[in-house]
Amino acid sequence: GDPPGDPLPVQSRPFASYGSALHITLPQPPRAGQLLTLHIDYEAGEGPGVCWLTPEQTAGKQKPYMYTQGQAVLNRSFFPCFDTPSVKCTYSAVVKVPEGFTAVMSATSWEKEKDNTFIFKMSQPIPSYLIALAVGDIVSADVGPRSRVWAEPCLIEAAKKEYDGVIEEFLAVGEKLFGPYVWGRYGQRAWFPGAGASELVLTEPPAPPGRYDILFMPPSFPFGGMENPCLTFLTPCVLAGDRSLADVIIHEISHSWFGNLVTNATWGEFWLNEGFTMYAQRRISTEVYGLPYTCLEAATGRALLRQHMDNTGEDHPLNKLRVVIEPGPVFPFFVGVNPEDTYNETPYEKGFCFVSYLAHLVGDQSKFDGFLQAYVNRFKFQSITADDALGFFLEYFPELKEKGVDTIPGFEFDRWLNTPGWPPYLPDLSPGEQLMKPAEELAELWAADGLNVEAIEAVDIAAWRTYQLVYFLDQVLQKSPLPEGNVERLSKMYPKISKAQNAELRLRWCQIILKNNLEAEYSKVKDFLHSQGKQKYTLPLYRAMWAGPEAARALAMETFSATAPQLHINVQNYVKKILGLEVTE
């Protein structure tokens with residue numbers, strides 16, 4: 001999944017509501033290596049892993065929709081499984097859906113039979129959390145030799161325009177850096193309904209190996225993305241109209257090697273999935289967009305880690321890379337802690353710092369890239385622990401093992417894993433300064449008492465890419481409230497910002513409106529919250545409204561009562577907590 005962005009309160013929910021264990025006794029004890037076939041009849045659909053959307057919660061507003069979300073431990077409420085990332089298996093499924101609906105799954109082959117029945121097979125072993133299903137009014141369009149986008153009919157044109165040719169470029173760079181993309185080598189028959197096509201087209205297998213498709217979810221999808229193999233689930237918020245958020249997909253593509261192919265054996269070492277993926281994402285981004293831009297994006301990530309650690313306190317037990325997921329001082333209430341409740345920035349950004357530190361020890365980028373390829377090759381289709389990963393690192397670089405790099409005082413591997421707090425090593429992000437400096441200087445100008453209009457007009461932001469604008473707005477937000485009248489002037493001067501369709505810019509502009517009590521633009525906050533339900537955008541805005549004056553609180557109540565039905569149940573509950581309302585169990 002994508003980084004949480006907005007730190008969530010640590011809450012503990014017992015696992016009881018997720019169903020109960022299934023115990024099976026056999027007539028006689030099985031022999032080692034013996035194959036058993038179990039037939040289990042079950043009914044599911046009530047649990048938290050299966051999301052049922054009403055037509056109001058979709059983009060088209062005409063037909064209902066359903067999807068599953070397995071990570072971390074929700075698929076136990078979707079089908080009987082060994083719901084741990086330490087077990088990998090292949091799967092197949094036969095899915096019958098009503099006329100007018102299409103089913104898609106995270107599978108390597110798919111066929112459509114009569115009676116609107118779909119047959120899926122995943123021929124490569126995956127952990128249970130990556131098995132995913134979606135059913136709705138969904139069509140598809142090709143965007144590359146091994147990629148197509150799937151979406152509701154009203155979104156398909158936008159999706160095709162935004163991603164045509166883009167995905168293949170990212171995949172090709174990933175393969176160059178980390179080795180072959182292995183997911184979804186298609187069988188002989190594949191079906192794909194074209195947008196608006198009434199009949200099914202049988203296609204020959206695509207030329208490059210594998211399949212990487214994207215399903216654009218309804219606007220109420222609470223996450224940025226979920227890396228289900230062969231079929232990433234993605235928020236429609238990345239459809240900015242100008243390809244400016246296409247790099248969000250680089251994170252999910254990077255999971256094709258780190259997370260999906262080499263997987264953390266326990267959720268307590270989630271950094272093995274996410275720290276390596278953040279590193280891989282930034283390697284691809286450096287190749288595609290250059291080092292300065294990537295350093296700027298990484299600086300934004302580091303700021304989120306800082307904010308998270310300030311909110312929780314650095315020495316909070318969740319701020320370790322190796323989290324103990326069992327009852328103890330953090331979760332004293334019951335047996336079995338829900339890994340969902342340990343989700344935060346640390347495995348992503350502190351994990352990224354640790355992987356960067358390993359690269360720093362090697363001291364040569366191409367050698368470290370070679371190590372990453374060897375690492376993927378050594379552990380592909382397996383689930384591993386941090387000890388496996390670090391053991392392999394030292395074995396691959398015997399000269400570093402010889403020097404005892406795992407026990408350098410202050411940077412011990414053990415300290416990285418088991419001591420909470422700020423990373424002992426931070427990668428150098430100074431190449432990003434050429435983009436950050438102008439943004440910082442411009443924010444300074446806008447925060448001044450008497451505006452120096454001449455100096456402001458001398459800065460041309462037309463060529464700034466998304467993260468440079470985001471960085472600028474974060475600086476403006478930190479300096480808010482600005483002197484009287486400055487925000488209005490800023491709004492008029494930069495329609496590129498104040499009228500943006502880009503979700504990352506809209507979030508920050510809405511935060512600036514609220515921090516400066518700019519009631520004239522409250523409608524923008526309302527419109528943005530009506531347009532999507534992503535947790536990372538929704539919760540900070542409700543927090544900001546609730547912390548504001550009476551008018552802002554009224555806006556929060558009014559907006560929530562209008563949009564609650566279109567939000568994911570978890571997000572509804574988080575907002576209710578912020579607004580002090582009764583929470584639905």
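From the backbone N, Cα and C atoms, a Cβ is placed for every residue, glycine too.
According to TrEMBL:
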type     : residues                                                                                    : note
ACT_SITE : Glu252                                                                                      : active site, proton acceptor
ACT_SITE : Tyr348                                                                                      : active site, proton donor
BINDING  : Gln69, Gly70, Gln71, Pro222, Phe223, Gly224, Gly225, Met226, Glu227, Lys534, Gln535, Lys536 : peptide binding site
BINDING  : His251, His255, Glu274                                                                      : Zn(2+) binding site
DOMAIN   : 434-579                                                                                     : domain 'Peptidase M1 leukotriene A4 hydrolase/aminopeptidase C-terminal'
Cβ-Cβ neighbours of Gln535 (peptide binding site) (radius 10 Å): 22
Neighbour count (Cβ, 10 Å) for Gln71 (peptide binding site): 25
Residue among recorded positions Phe223, Tyr348 with least C-beta crowding, 10 angstrom cut-off: Phe223
Composition by DSSP (helix, strand, coil) of residues within the domain 'Peptidase M1 leukotriene A4 hydrolase/aminopeptidase C-terminal' (434-579): 111 helix, 0 strand, 35 coil
Distance from Glu274 (Zn(2+) binding site) back to Gln71 (peptide binding site), taken between C-alpha atoms, in Å: 13
Alpha-carbon distance [Glu274 (Zn(2+) binding site); Phe223 (peptide binding site)] in Å: 15
Least surrounded among the binding-site residues, given as Glu227, Glu274, when other CB atoms within 10 Å are counted: Glu227
Within the predicted model, mean pLDDT of the domain 'Peptidase M1 leukotriene A4 hydrolase/aminopeptidase C-terminal' (434-579): 94
